[in-house]
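S.K.: Right, I'll just put the structure down here and ask away after.
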Amino acid sequence: MNELSVGIRPELLQHAVGVTLQQHGLDHGEVCLLLTTDDRIQELNRSFRGVDEPTDVLTFPSGEPDPLGDVAISIPYAERQARARGVSLEQELGYLAIHGALHLAGFDDEDEQDRANMVREMNRAAVAAGLAPDEEWSSILHGDPA
């Protein structure tokens with residue numbers, strides 16, 4: 001699950017993903033979480049999306065019911081985003097894991113309405129997973145030279 005040794009509790013992220021999938025009838029699906037670096041997530045972003053910059057989270061659906069797919073999260077990006085938003089790293093990682101799980105469950109955030117629906121579902125999953133809700137959550141560093 002983890003390319004980095006940063007003292008993160010994997011059970012928190014696993015629980016957040018599990019709760020999210022359960023809420024959408026996918027509680028038997030397997031998800032691989034990769035906690036990685038900015039350099040590695042930038043490579044993935046460039047290879048799979050044609051975007052040559054780091055990002056917070058990438059999701060790779062398998063197209064199968066099991067495993068559902070992979071979620072890659074950049075720890076350094078999440079740290080910067082957590083500082084900018086004034087939340088703990090665990091809170092931010094929990095939200096990113098939930099965000100990725102929702103993409104695997106079929107949610108999208110390409111327009112305002114989809115984003116609002118995604119944040120609503122993220123908050124519902126966060127509360128169920130024991131995280132604080134955040135109605136204002138967004139990937140705030142996108143477009144910034146992070």
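Note: Cβ is positioned from N, Cα and C throughout, glycine not excepted.
Straight from TrEMBL, here's the annotation block:
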- HIS99, HIS103, ASP109: Zn(2+) binding site (BINDING)
S.K.: Taking the Cβ of HIS99 (Zn(2+) binding site) as the centre, count every other Cβ atom within 10 Å, in any protein chain shown.
M.R.: 25
S.K.: Where does HIS99 (Zn(2+) binding site) sit in DSSP terms: helix, strand, or coil?
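M.R.: Assignment for HIS99 (Zn(2+) binding site) reads helix.
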S.K.: In DSSP terms, helix, strand or coil for ASP109 (Zn(2+) binding site)?
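M.R.: SS state of ASP109 (Zn(2+) binding site) = coil.
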S.K.: Quick check: with HIS99, HIS103, ASP109 left out, which same-chain residues have Cβ atoms within 8 Å of the centroid of the Zn(2+) site Cβ atoms?
M.R.: VAL57, THR59, GLY100, LEU102, PHE107, ASP108, MET118, MET122
S.K.: Would you mind checking how many other C-beta atoms are within 10 angstroms of the C-beta on HIS103 (Zn(2+) binding site)?
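M.R.: So the number of other Cβ atoms within 10 Å of HIS103 (Zn(2+) binding site) is 20.
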